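The structure appears below as structure tokens.
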Amino acid sequence: SCQKWMWTCDQKRPCCEDMVCKLWCKIIK
């Protein structure tokens, strides 16, 4: 399952497409 609203992401729980966590992922990395 993918993450929808978490601020962190990893290979085990990747962000869902077009979700908030994906934006945070890019910002943090």
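Yeah, the Cβs are placed from backbone N, Cα and C, and that goes for glycine too.
Of the listed cysteines C16, C21, Swiss-Prot assigns the disulfide bond with C2 to C16. Between the alpha carbons (Cα) of C16 (disulfide bond) and C25 (disulfide bond) lies a span of roughly 11 Å. Note: the Cα of C25 (disulfide bond) and the Cα of C2 (disulfide bond) are spaced 13 Å from each other.
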